[in-house]
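Q: There's a structure below that I have some questions on.
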Amino acid sequence: MSITGIDSSHVTESQGTLLFNEPLAEYTTWRVGGPAARLYKPANIDDLALFLSRLPFDEPLLWLGLGSNSLIRDGGFSGTVILTQGCLKEMTLLSDNCIRVEAGVSCASMARFSARNNLSGGEFWAGIPGTMGGALRMNAGCHGGETWQSVIEVQTINRRGEIRTRKPEEFEVAYRHVAGLGDEWFISAKLQLSPGNKETSLQLIKDLLAHRAKTQPTNEYNCGSVFRNPPGDFAARLIESCGLKGVSIGGAVVSEKHANFIINHQGTATAANIEALIHLVQTKVREQTSIELIREVHIIGDANVQTR
């Protein structure tokens, strides 16, 4: 079956939902991006495996959770998007201190689930605006916590729909980076946390979210942190020191509240505006400090808007 030959008959035996020419802006926290040629919402992991096994091997694939670490260009994505958020959403307490979580569970939900089960060490996930699949992929963290410090086992799936169980030692884990995944994607993980107190953990989450609201533009469309922190410094400090707070291109604006955030002001920005502002910030910081800011956000898709 060719890529262009994929149609609704492709999911005859599947339980999920296949959409065509689906606008992606509503699936990203920046609220920008053109359409996906196809978007699939799997019913569960087995359904996902079946769907992948029937895809043409050369079909371009994009995995999307909350879309908080992705800039999808205005031309969209000319392949198939696999949506995990709201789909792969199971959380299970396996033992007193071990949780199995699927890739589509939001990090905030995971933080609350662990706290309510009297486990500590996962409160920081409440401050990450993404899914656990994305957190595994980039070793997401904040407030002194990192995702992979709790991982004891992961499940991955490849484009043939084959599922593997893998251990942490099979990966190279670093700051906001995980190597060794190859042509696979995370679909679940077993996480080991420490015994704790529900009330203490829930209060910590409440305090963390209050701090986040005070220091980050949580009431504006954004993707989270745009750049990684360079060794020994902070991206936000460098951007602010270069006088870039409030700088804008179209509806894309460097946040006055936190310089490592670019906001889509009142939903008026295009992906092209945001991408241009990212490059401008990198250029100005490089020129003034000789430091190269590395993007944390992934830029995906076609730059040119196409008629489909």
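Just so it is clear, glycine is given a Cβ too, placed from its N, Cα and C backbone atoms.
Quick paste of what Swiss-Prot says about this protein:
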type: DOMAIN; residues: 32-196; note: domain 'FAD-binding PCMH-type'
type: ACT_SITE; residues: R176; note: active site
type: ACT_SITE; residues: S225; note: active site, proton donor
type: ACT_SITE; residues: E296; note: active site
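Surface or core, plus neighbours and distances: that's what I need for these features.
A: Of all Cβ atoms in the shown protein chains, 16 besides its own fall within 10 Å of the Cβ of R176 (active site).
Applying an 8 A CB threshold to same-chain residues 6+ apart, the list for S225 (active site, proton donor) reads A235, N260, F261, E296.
Under the DSSP three-state reduction, E296 (active site) is assigned to coil, being neither helix nor strand. The local packing around E296 (active site), expressed as other Cβ atoms within 10 Å of its Cβ over all shown chains, amounts to 19.
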